[in-house]
Amino acid sequence: MKLNDTIVALATPSGAGAIAVIRVSGPDAIKIVAPLFKAKSKKDLAEQATHTIHLGNVMDGERTIDEVLASVFRAPKSYTGEETVELSCHGSPYIQQEIIQLLIRKGCRSAEAGEFTLRAFLNAKMDLSQAEAVADLINSENAASHQMAMQQMRGGFSNEIQKLREELLNFASLIELELDFAEEDVEFANRDQFRDLVSRIQTVLKRLIDSFATGNVLKNGIPVAIVGEPNVGKSTLLNSLLNEERAIVSDIAGTTRDTIEDEMSIGGVGFRFIDTAGIRETKDVVESIGIKKTFEKIGQAQVVVYLVDSSQIAVNRERLQEVRVEIEKIKNKFPQKPLLIIANKTDRLADEEIENLKAKLEDISSHAERAEFLLLSAKTNLGVEELKDRLLEFVNTGALRNSDTIVTNSRHYAALLKALEEINKVEDGLNAGLSGDLLAIDIRQALHHFGEITGEITNDDLLGNIFANFCIGK
Ligand SMILES: Nc1nc2c(c(=O)[nH]1)N(C=O)[C@@H](CNc1ccc(C(=O)N[C@@H](CCC(=O)O)C(=O)O)cc1)CN2
Ligand SMILES: Nc1nc2c(ncn2[C@@H]2O[C@H](COP(=O)(O)OP(=O)(O)OP(=O)(O)O)[C@@H](O)[C@H]2O)c(=O)[nH]1
C-alpha cells in the first residue's frame, strides 16, 4: 500500500440517498480537486483555509456534473493527517460515480477497505486499538457496544496500556543500565519499587483479561436460550419479543426443528435469543439431533428461559412431574446457569387456577438454585415486559454500569494473556533473585505484547488483516 498516493472513495453507503460524501485524501488531494471545482465565491479552493466549507460546481471540462459542498482539511489537521477534501454531492449513484471516475482520471486511486483509517494510524492520529474501535463503532447496534467502542476510540484502553508500558520501559532501561556497570555491582532499579510495579501491572492485566468475557458477550449480544417441550409457545414468545414474525409458528408439535437466532436490544443491551427444539425423548432422528443441539445451546447461553404450557401443567399432574424432572435435568447439567421458568399461555387459565399454578411453580423453583418463575402469555403479551425487565436484571448487576475499560477485541485479549505470562515470569525472576540481564529479557517480552495492542509493534500482515475488515471509504 503506497502512502504517497492520493486516494478516493465514497464514504456514505452505496445507492441513492439525499447526499453522498466522496472522500479524497493524500498529498495531492487539494491540488487534484481544486481545478475541478468552480467555487461560487470565485476563490480558488487551493487558497482556502483548513476546516472550511465551500459551495461550487464540480466540472468535467465544460460540463457541470453537480453542485456540491467541498470541505477542505489541510495536513496534518485532518482525520487521516493528510491533505483531505470531502465533496458532498447529490446522492444519485450516477453523480457519485461520475465524480469518482473524474477524480481517478485526474490522478486519484480507489481507496482500499479501511485505508483512510490505516493512514490515520500510520500518521499517528490514533493508535491501533483506537483504529480498531472505529470499526467496532460503525458496527455498534446497541448502547452497550456503542459505549465500549466509544471508550476504546477515545483512547481509554490505550492510555491504560501506555501508562503501564512507560513505567515498565523505565525499569527496563534502569536494569539494562546496571548491565553496563556489571563490575561495580550497582542497583539503579530499586527492586522493592519494581516488585510493586510488577504487582500493579498484574492487577491491571487481570482486570482487563477478566473484562473480556463481559465485553465479548456485550458486543455480540447476550445469548438467551429459550427451551421447553414442543408446542409450549417458544416461537410465539420469540416473535412477541422481537415484534415480528421470524420463527415458524404452528400447532404441530416439533415445528421448531433447527435453532433460530435473533437479536434485539432491550434497555440498550443486545440480546441474542436462541429458539431451540424442546427436550422431548423421541425416536424421530431429525428431532433428536435438535435435542442434542438444545443442550449445546444451553451450554453457550448466559441465561436459560424454560417455557412450560401452563394450561397443561395446571390440570395434568403427570405433566407437572415431567416438567419438574426436565428442570432437574437442566439444573444437574448446568447448576450455575440462571434459569427462568416461564409458565406460558396463562390466558387460558381462570384466576384461581393461576393462584394454584403459582404455588406449584414456587415449590419447583425453591428446590433449584438460581431459578425463578414468571407467568406469561405470549399470545396476549401479558408478562412480556416483565420478562424483558428480568433479563436486564441479569446483566445490570454485572460490569456494564461502571465505566472501567472493557476489552472486546480477541486480538487484545490474546496479547494481554501473553503479557501477563511474561510479567509472571518477571515476578518469579525477582523472587529468585535473578540477575538484571535475565530479568530484562522477560520485561522486553512483556513490553513487546503491550506494543502489539497499541501498534508500536506491528507488521504488514497484521495491519492487512485488521483493515481488510473495514468498509471502503472508512
Ligand atoms: N464529514 C466527515 N464526517 C465525519 C468524519 C469525517 O472524516 N468526515 N469522521 C471520520 O471518521 C468522524 C469524525 N472524526 C474526525 C476526526 C478528526 C477530524 C479532524 O479534522 N482532525 C484534525 C483537526 C482537529 C481540530 O479541528 O481541532 C486533527 O486531528 O488534527 C475530522 C473528523 C465522523 N464524521
Ligand atoms: N392461548 C395461547 N396460545 C399460545 C400462546 N403461546 C403460543 N400459543 C399457541 O401454541 C401453539 C404452539 O406455539 P409455538 O410458538 O409454535 O410453540 P413452540 O414451543 O415453538 O413449538 P415447537 O416449534 O413445536 O417446539 C400455537 O398454536 C400458538 O399460537 C399463549 O400464550 N396462549
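Using N, Cα and C of the backbone, Cβ positions are placed for all residues, glycine too.
Taken straight from TrEMBL:
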- R23, E86, K125, K474: (6S)-5-formyl-5,6,7,8-tetrahydrofolate binding site (BINDING)
- 231-236, 250-256, 275-278: GTP binding site (BINDING)
- S235, T256: Mg(2+) binding site (BINDING)
- 221-396: domain 'TrmE-type G' (DOMAIN)
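Sequence features annotated in TrEMBL and their locations in the structure.
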residue: R23; record: (6S)-5-formyl-5,6,7,8-tetrahydrofolate binding site; contacts (Cβ under 8 Å, 6+ apart): V8, A9, L10, A11, T84, E86, A111, F116, G473
residue: K125; record: (6S)-5-formyl-5,6,7,8-tetrahydrofolate binding site; contacts (Cβ under 8 Å, 6+ apart): Y79, T80, G81
residue: K474; record: (6S)-5-formyl-5,6,7,8-tetrahydrofolate binding site; contacts (Cβ under 8 Å, 6+ apart): A11, A113, G114, F116, T117, V134, A135, I138
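Mean pLDDT, taken over the domain 'TrmE-type G' (221-396), works out to 80 on the 0 to 100 scale. Residues R23, E86, K125, K474 are listed as the (6S)-5-formyl-5,6,7,8-tetrahydrofolate binders, and the farthest two of them sit 18 Å apart at their Cα atoms. A Cβ distance below 6 Å to any atom of ligand 1 is met, among the binding-site residues R23, E86, N231, K234, S235, K474, by E86. The Cβ of N231 (GTP binding site) has 19 other Cβ atoms within 10 Å, all protein chains considered.
Listed binding-site residues: R23, E86, N231. Those with a CB atom under 6 Å from ligand 2: N231.
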